[in-house]
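Feature annotations, courtesy of Swiss-Prot:
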BINDING   16, 18, 37, 40  Zn(2+) binding site
């Protein structure tokens, strides 16, 4: 590797909003503030919600349905 052309690879601290502190190595050079991490993200904690409130076909049928028509 050529000397003097690569960025410095330093150890930084990533602080999550839930209070979790993660030590990582990065070229950023300063500490990071995270919104979510693996400890508090809904997908990893199992607290995710289903957002299946109907698809495009359901919206189309609701919008263009004829009152009194048989299904």
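Each Cβ is built from the backbone N, Cα and C atoms, and glycine gets one as well.
Neighbours of the Zn(2+) site: apart from 16, 18, 37, 40, residues of the same chain with C-beta atoms within 8 angstroms of the site's C-beta centroid are 17, 19, 20, 34, 36, 38, 39, 41. The C-beta environment of residue 37 (Zn(2+) binding site), restricted to residues of the same chain at least 6 apart in sequence and closer than 8 Å, consists of 14, 16, 18, 20, 22.
Summarising the environment of residue 40 (Zn(2+) binding site), the number of other Cβ atoms within 10 Å of its Cβ, over all protein chains shown, is 16. With the fewest other Cβ atoms inside 10 Å of its Cβ, the least crowded of the binding-site residues 16, 18 in this structure is 18.
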